[in-house]
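Trainee: This is the structure I have questions about; it appears just below.
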Amino acid sequence: MAGPLWRAAVFIQRHRTSLLVGSCVGLFGVQISFHLFPDPIVQWLYQYWPQGQPAPLSPQLRSLFQEVLKDIGVPSGHCYKPFTAFTFQPVSAGFPQLPAGAVVGIPAIFLGGLVTNIDHTVVIHGQKVDWQSPAGTRLRDALTLSHDAQKFALAKEVVYLESGMAALQTLPAPVCLAGTWAISVGAKHALGLYGGPMSLRAAFNLVAIVVGYVAYAFSKDSLTVALEGWLDHRTASLSAAYVRGGVEFYEKILSGNLALRSLLGRQGEKLYTPSGNIVPRHWFRINHLPYTTRRDSLLQMWRAKVSPGHF
């Protein structure tokens, strides 16, 4: 066993710089490839297929999307490919400035028919939704968005794509990997560990890996939270209607999550908090800005716009 481990250690020591560069490039490439080649991957994942056929984008949804693009002032040369998605919220990927463009999935529920029809079967986490139950009625109401709320939801995705935030979000992994490697190598040189036993260096490397992962988790979550807050503020700053739509959008998300919490029973309690936020997968991480925080932030913007002092 010592032979293969020793040869592996020697190989890593000899080619550590090349391995580091390759690993960093690989981490960046894997994350960015989803946005460099969004079509048809994203559409395959989120396309709405009623009765076994892909649903074409309706004139109503296309008009809504064009209205949002006009409000934001998207340059005519930027490429967007909207499609009808089965999700409750819009989805997007890509870089509209590049030839491959960006894709935006517009929820079919924006048409209203899927929500108002109580005979339509919807299965969430393996359970059929009873639209006539109190929780089902609340969920149906939460999925019905006003025109302003729909525009905010779509505009948020367009602002995200136009800003290039996707590229920024791919940086923590390679940066933390390179930083962990550089600091650990420098520390081992300073402590003289390269002249000591391999077991001691292995233990030090293990500690460095743990510290590096903690740094990655903290930096990635902090960046995500900051960008989501900026994204909401930037979208809401388009007009008072977008602020109002944003408040409604997050109110409806919280209401829908509370309805799902009731519909799914114990599983729902594991997925959603009593306030309607999503329960983090890991206790030590905050993967996203809480919906209550996002709603309250926009609510403050709305109150500032309608206050007498504003005029």
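One-based numbering along the chain as shown.
Cβ atoms are placed via backbone N, Cα and C, with glycine included.
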Trainee: Report, based on Swiss-Prot, whether Tyr160 and Thr273 occupy the same side of the membrane.
Mentor: yes
Trainee: State the mean pLDDT for the topological domain 'Mitochondrial matrix' (1-17).
Mentor: 65
Trainee: Let me spell it out: take the transmembrane segment (18-38), skip the flanking residues so only those 6+ beyond its ends count, and list any with a Cβ under 8 Å from a Cβ in it.
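Mentor: Result: 12, 93-95, 98, 100-103, 166-167, 169-171, 173-174, 177-178, 181.
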Trainee: Mind checking which residues of the chain, 6+ beyond the ends of the topological domain 'Mitochondrial matrix' (186-197), have their Cβ under 8 Å from one of its Cβ atoms?
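Mentor: Contacts of the topological domain 'Mitochondrial matrix' (186-197) (Cβ under 8 Å, skipping residues fewer than 6 from its ends): 204, 208.
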Trainee: Treating G and I as helix alongside H, and B as strand alongside E, what does DSSP give for the topological domain 'Mitochondrial intermembrane' (219-311) in helix, strand and coil?
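Mentor: Secondary-structure composition of the topological domain 'Mitochondrial intermembrane' (219-311): 67 helix, 2 strand, 24 coil.
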